[in-house]
Amino acid sequence: MIARNQRTRVAVVYGGRSSEHAISCVSAGSILRNLDPERFDVVAVGITPDGSWVLTDGRPETLAITDGRLPEVSAESGTALALPADPGRRGELVSLSPAPAGEVLAAVDVVFPVLHGPYGEDGTIQGLLELAGVPYVGAGVLASAAGMDKEFTKKLLVAEGLPVGDHVVLRPGRANVTLDERERLGLPVFVKPARGGSSIGVSRVSDWAELPAAIEAARRHDPKVIVEAGIAGRELECGVLEYPDGRVDASTIGEIRVAGVRGREDGFYDFATKYLDDGAELDVPAKVEDDVADEIRRLAIRAFRAIDCQGLARVDFFLTDDGPVVNEINTMPGFTTISMYPRMWAASGVDYPTLLAAMVDTAVARGTGLR
């Protein structure tokens, strides 16, 4: 299909049904601004909070946080469309309204699913794209699902001999942590939706009396909750990138510092600190010894491979007195103007347009189907 013209046509898909809808929009705005127009013909597709797909004008300025207001895709943002799950119509974006319904609005070569959270980063849209035979940026169905679910991420990491923090999983119907588990976890603990991100629904619990409210807050976003032991250590991150030839590389290390910054003493990198109030210091590169940085890069690639990831990921660590501990794997990390993933690659000598081009080229080279 790419022979149709000299530029690869990329559908940037954003928004979605998860509580991370707004952050997906912001990430998409940054990507739309930085995809090389000499190489890529870009189509912007928004997904509303209730799941409707619309062809939008893709203006980055409409996808920014402005005066604390979060962006959102609405049905009025553009023309309603669908992507048929039919390899015979590969890459066609078909009009649903207005008439004539069924008109092909655009045909794309590859999809860049800039979707964070459930119904996007969890293998669901990846499965649709596999059915439709359309190449896509990022992890496949298995790695997306495993990376989204903190319980199964940890299971796979442990199976590969990688260090993870202690935790307890609360499935639907279970509303508390036993006395033995409390003794084992200690305080503080962090209570999180098991399948969520951007610190939405996350609470720091420093007294067990606070636990029921924290579980309730997490369950507003996911019926499955994970309670993680607080880990004393520095918060470090590393980007992983796969190239079209299958080579996998790890970026310069970054560090997030919250405790003591602008009066914050709890060290909690929450949603507001990430996106609204400039309440964290982001150090890229992190001030760590070379041997520590090398070890974290090795562990990041091992974690990437442990969940059978493809394309890209950001791996989050705690650096403790006993060494690094893997916290999470993000198979579609944030791409906002302050996001660590593009900043770490920029510090590694890979600028933003080059980074995005590598991701798209890798997706096209990989294709779809069993591999």
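Cβ from N, Cα, C; glycine included.
According to Swiss-Prot:
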type	residues	note
BINDING	182-237	ATP binding site
BINDING	Asp316, Glu328	Mg(2+) 1 binding site
BINDING	Glu328, Asn330	Mg(2+) 2 binding site
DOMAIN	154-361	domain 'ATP-grasp'
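What Swiss-Prot annotates, mapped onto the structure for a quick look.
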residue	record	contacts (Cβ under 8 Å, 6+ apart)
Arg182	ATP binding site	Trp208
Val189	ATP binding site	Arg204, Val205, Leu211, Val227, Glu228, Ala229, Gly230
Gly196	ATP binding site	Ser18, Ser19, Glu20, Gly117, Pro118, Val202, His221, Asp222
Ser203	ATP binding site	Phe190, Val191, Glu210, Ala213, Ala214, Ala217, Ala218
Lys224	ATP binding site	Asp149, Glu151, Val169, Leu170, Arg171, Pro172, Pro193, Ala194, Arg195
Ile231	ATP binding site	Gly165, Phe318, Thr320, Val325, Asn327
Asp316	Mg(2+) 1 binding site	Glu235, Leu236, Glu237, Val326, Asn327, Glu328, Ile329, Asn330
The sparsest Cβ environment within 10 Å, among the binding-site residues Glu210, Glu328, is found at Glu210
Mean pLDDT across the domain 'ATP-grasp' (154-361) comes out at 92
DSSP, reduced to three states, assigns Gly196 (ATP binding site) to coil
Reduced DSSP state (H/G/I helix, E/B strand, rest coil) at Asp316 (Mg(2+) 1 binding site) is strand
For the binding-site residues listed (Ala217, Asn330), most other Cβ atoms within 10 Å of the Cβ sits at Asn330
What DSSP gives for Val189 (ATP binding site), in three states, is strand
